[in-house]
Each structure stands twice: as C-alpha cells, then as structure tokens.
Amino acid sequence: MNWSHSCISFCWIYFAASRLRAAETADGKYAQKLFNDLFEDYSNALRPVEDTDKVLNVTLQITLSQIKDMDERNQILTAYLWIRQIWHDAYLTWDRDQYDGLDSIRIPSDLVWRPDIVLYNKADDESSEPVNTNVVLRYDGLITWDAPAITKSSCVVDVTYFPFDNQQCNLTFGSWTYNGNQVDIFNALDSGDLSDFIEDVEWEVHGMPAVKNVISYGCCSEPYPDVTFTLLLKRRSSFYIVNLLIPCVLISFLAPLSFYLPAASGEKVSLGVTILLAMTVFQLMVAEIMPASENVPLIGKYYIATMALITASTALTIMVMNIHFCGAEARPVPHWARVVILKYMSRVLFVYDVGESCLSPHHSRERDHLTKVYSKLPESNLKAARNKDLSRKKDMNKRLKNDLGCQGKNPQEAESYCAQYKVLTRNIEYIAKCLKDHKATNSKGSEWKKVAKVIDRFFMWIFFIMVFVMTILIIARAD
C-alpha cells in the first residue's frame with residue numbers, strides 16, 4: 001500500500017516538472033521570437049515617436065541609498081542613488097496573444113533608445129551616468145530603466161553655524177540635448193524616496209523634495225525642463241562638540257586663572273602663552289576642514305573671541321606684574337589708588353594681607369576707631385598732651401644722664417661718661433633711622449604688591465564673566 005502511494009506521488013511530481021520545463025521552453029521560444037521581431041528594423045539612435053512634433057514624456061524617480069561623503073572644503077556631495085526612468089517607445093509594442101500571453105521582457109538597456117538625462121551640477125571628471133543594467137520592456141511600449149549610480153555633485157556649503165549647521169544640496173537632472181518640445185521630464189513623486197536610505201554617521205536627512213523647473217538659457221530659445229531634488233541635511237554635532245567645542249570651553253576658562261597665580265611664581269605669562277598656542281592649534285584644525293569662504297563658522301568665531309580674551313589677559317598680566325615688582329625707588333601709591341583700590345576694592349574682592357583676618361579684621365577696626373577718637377579731640381587737649389609728652393622725654397633724658405654719671409661726678413669722669421652717652425645716643429638714632437627707612441621702603445613695596453593683587457583679582461572675575469557670557473551667547477546662537 002505504501003509502495004503504491006509512493007509511486008503515485010513520484011508520477012505527479014514528474015508530471016508537474018515536465019509541464020514547468022515545457023512552459024519555460026515555450027516562454028523562451030516566444031521571447032526569442034519577440035526579440036527578433038522587435039529589433040529587426042529598430043534603431044536606438046532616434047527618438048521613438050511616430051510623430052516628430054510629439055513630445056516624449058520621461059518620468060524620473062530618485063531613491064537615495066547612501067551618503068558616501070560630504071567634502072565641505074571642496075563643496076562636493078558624493079551620494080549613492082537608484083535612478084528610475086520611465087518612458088514610452090512607440091516602436092516596441094506587440095500583441096500578447098501572438099506570443100503566448102508574454103507581456104514583458106528584460107533586455108540590455110543599450111539596445112533601446114534612452115533619454116540623455118544627466119546630472120547638471122556634477123562635480124567630477126568621470127562619468128556619473130547610471131550603470132548599463134537591463135530595462136523592462138512591456139507589451140504597450142512602456143520602458144522602465146532602474147540603474148544605480150554614484151554621483152558627485154557640487155553643493156554650496158554654508159558653514160556659518162558649524163558644527164550646528166543645516167545644509168541644502170541640489171541634485172538637478174535634465175536632458176542635455178533635447179529641449180522641452182522634444183523630451184519633457186517629470187518627477188514621479190513630490191520628493192525623493194528615502195525608504196531604503198542607510199543612516200549616515202555624520203548627517204541626518206530631513207527630506208528630499210522634488211521640484212520641476214523650466215528654464216530658458218541664453219544660448220537657446222527653446223525651454224529646457226529639469227527636475228531638482230533638494231537634499232535637506234542636518235549635521236550630527238556630537239563628534240565636534242566632544243572633540244572641538246568642549247576642550248575649547250575648558251581651555252578658555254583656564255585663561256582667567258592666570259590672574260590668580262602669584263606674581264612671584266613667574267608662570268603667569270607662560271600660562272597665557274600656552275593657552276593661546278592651544279587655541280591656535282584648535283583654530284587650525286577647524287580651518288583644515290572648512291572651505292575657504294568669507295563665512296566664518298560659529299566655532300571659529302568662538303575661537304577668535306577666546307584668543308582675543310587670552311591675548312588681553314596676557315597683556316594685562318604683564319602690566320600687573322610690573323606693578324607688583326615696584327621697588328623702593330618707585331613713587332608712593334597715589335591717594336586715589338589708596339582709596340579706590342586698597343580701601344574699597346580690596347574689601348569687595350576679599351583681598352587681605354598675609355596674617356590679616358579675612359572674616360573679622362579686628363585690629364584694623366580698632367586702629368580706625370582710635371584715629372577717629374583722636375581726630376575728635378579739641379586742639380587745646382592735643383597741645384597739652386604734646387607738652388606733657390615733651391616734659392616726660394626731658395625727665396627720662398635727665399635720669400639717663402644721672403645713671404651714666406654725667407652729673408654729680410668730677411669733671412673728668414663726667415666728660416668721659418657724657419661722651420659715651422652721646423655716642424650711644426647717635427648709634428641709637430642711626431639704628432632707629434635705618435629701621436624707619438627700612439619700614440617705609442617695605443611699606444611702599446607692600447602697598448604696590450597689594451595694589452597688584454587687587455587688580456589681579458578684579459580682572460580674574462571680569463574675565464570669568466566674559467568667558468561665561470560668551471559661551472552662553474555661542475550656544476544660544478547655535479540653537
């Protein structure tokens with residue numbers, strides 16, 4: 001029983017395969033006959049219309065498969081496209097009943113007439129025409145030609161907002177030799193097909209609208225139609241933010257810190273020059289990938305502004321260092337500088353001398369209080385205090401002479417002791433004078449150093465605010 005079922009199944013399979021081979025043989029036979037009949041007297045050199053005054057319509061459809069490269073410096077877009085062209089050939093029609101119902105065949109595209117549709121704004125020396133793939137020929141003469149092509153087109157790149165820029169690249173297709181009265185071109189859809197697009201790592205595609213244009217050129221009076229596909233691109237800016245923008249922001253915030261370095265360290269100017277060199281390197285990196293146009297990119301403007309701030313900070317640092325190292329030969333601090341810088345600005349910026357309390361300058365307040373009290377005393381009381389102090393000094397001088405034996409001794413001993421007293425007095429006066437001069441010199445230098453320190457702190461905060469505001473403005477401009 002099982003053996004009989006197996007024989008029946010084998011017979012059915014053999015019969016079906018035989019019928020399939022017979023059908024394929026019949027199709028191949030009729031296709032060959034159709035091919036011979038169609039191309040017996042056919043010429044692909046002439047426009048396939050029965051009436052030469054009739055316009056041949058060509059429908060164009062573009063499918064964007066991949067963006068291979070966007071060369072901003074040379075302003076060239078390299079794209080991988082699938083190009084579909086559909087037109088009607090009046091000489092390639094047949095009756096399906098005469099060829100066993102055969103309604104379409106596939107033949108090499110170079111055997112039939114093809115519209116000379118080219119990319120008007122191509123930017124390479126090599127041919128960017130579609131590949132010679134087969135065409136699908138239908139019984140009513142409708143020809144469909146699908147072919148891939150790698151195109152290089154010129155694209156005007158606007159780098160004003162780089163790396164947050166949007167670009168619009170046009171792909172303009174049209175007939176090179178036929179005017180609009182001979183071959184008219186239409187777009188199959190309102191936009192290019194993006195269903196098979198492979199996502200690009202650098203660019204986002206936001207659309208590809210298509211528009212038909214009819215243009216009359218100066219060379220010819222006839223109209224020339226074309227179809228322009230506008231590729232809307234938005235740059236993925238993460239790479240440039242991480243590698244170009246964030247390092248620049250961090251480096252720019254280092255520039256104000258040069259004012260915080262002690263002047264005696266000798267590294268203030270070196271830090272500014274080092275930061276300036278780093279910014280120059282980043283500026284050169286941006287210049288290498290940008291086209292040589294008059295539009296300065298947004299990040300380039302940020303670099304230039306930052307470099308200007310760093311240059312200004314370095315120049316001001318040199319000025320402050322000159323103030324810091326004012327020595328004994330320098331003039332005293334002017335009165336206005338004492339009031340504005342040492343009295344008010346130092347308190348606002350929390351700049352104090354070494355050993356002086358930053359929170360509660362107690363001794364300074366006591367000294368100011370005593371000065372105010374003495375200034376309020378009457379003139380008579382001040383005169384009495386001075387006379388009392390003078391009499392006290394004379395009394396102490398008399399006691400010192402008695403202790404040294406200048407009085408109450410014989411004349412020879414008194415003269416000897418008085419000479420020693422005079423020498424001792426002169427030495428003490430000399431030492432006191434030296435100490436006073438040294439203190440005055442140190443006080444003058446300390447005042448200039450404090451002036452320099454206050455100016456340093458003032459410029460540090462000013463430059464911090466400027467860098468912060470500039471960064472916010474750049475980000476807001478990008479948005």
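Even glycines carry a Cβ here, placed using N, Cα and C.
Within 10 Å of the Cβ of Ser191 (Na(+) binding site) there are 16 other Cβ atoms, across all protein chains. DSSP classifies Ser191 (Na(+) binding site) as strand under the three-state reduction. Per Swiss-Prot, the feature Na(+) binding site maps to Ser191, Asp193; the stated evidence is experimental evidence.
Swiss-Prot lists Cys155-Cys169 (among others) with the feature disulfide bond. DSSP gives Cys155 (disulfide bond) a coil state; it is part of no helix or strand. Taking Cβ-Cβ distances under 8 Å and a sequence separation of 6 or more, the neighbours of Cys155 (disulfide bond) in its chain are Met70, Gln75, Ile76, Leu77, Gln167, Cys169, Asn170.
Positions annotated as disulfide bond by Swiss-Prot, on the basis of experimental evidence: Cys219-Cys220 (among others). Mapped onto three states, the DSSP output places Cys220 (disulfide bond) in coil. Non-local contacts of Cys220 (disulfide bond) by the CB criterion (under 8 A, 6+ apart in sequence, same chain) comprise Asn179.
In the predicted structure, the topological domain 'Extracellular' (23-238) carries a mean pLDDT of 90. As annotated by Swiss-Prot, topological domain 'Extracellular' applies to 23-238.
Annotation comment: Swiss-Prot describes 324-457 as topological domain 'Cytoplasmic'.
Look at Swiss-Prot and you will find 239-259 (among others) tagged as transmembrane segment, backed by sequence analysis. Sequence-distant contacts of the transmembrane segment (239-259) (same chain, six or more residues past either end, CB-CB distance under 8 Å): 162-163, 202, 268-269, 271-272, 275, 278-279, 282, 285-286, 299, 302-303, 306, 309-310, 313-314, 316-317, 320, 456-457, 459-461, 463-464, 467, 470-471.
Here Swiss-Prot flags 269-289 (among others) as transmembrane segment, drawing on sequence analysis.
Taken from Swiss-Prot, the feature transmembrane segment applies to 303-323 (among others), supported by sequence analysis.
Annotated transmembrane segment per Swiss-Prot: 458-478 (among others), in sequence order, evidence recorded as sequence analysis.
Beyond the ends of the transmembrane segment (303-323), by six or more residues, the same chain brings 248, 251-252, 255-256, 258-259, 263, 268-269, 272-273, 275-276, 279-280, 282-283, 286, 296, 448, 451-452, 455-456, 459, 463, 466-467, 470 to within a C-beta distance below 8 angstroms of the stretch.
Set side by side, the disulfide-bonded residues Cys169, Cys219 differ in how many other CB atoms lie within 10 angstroms of their CB, and the most is found at Cys169. Between the CA atoms of Cys219 (disulfide bond) and Ser191 (Na(+) binding site) there is a gap of 30 Å. Remark: Asp193 (Na(+) binding site) has Gln61, Ile62, Thr63, Leu64, Trp82 as non-local neighbours, by Cβ distance under 8 Å and separation of at least 6 in sequence.
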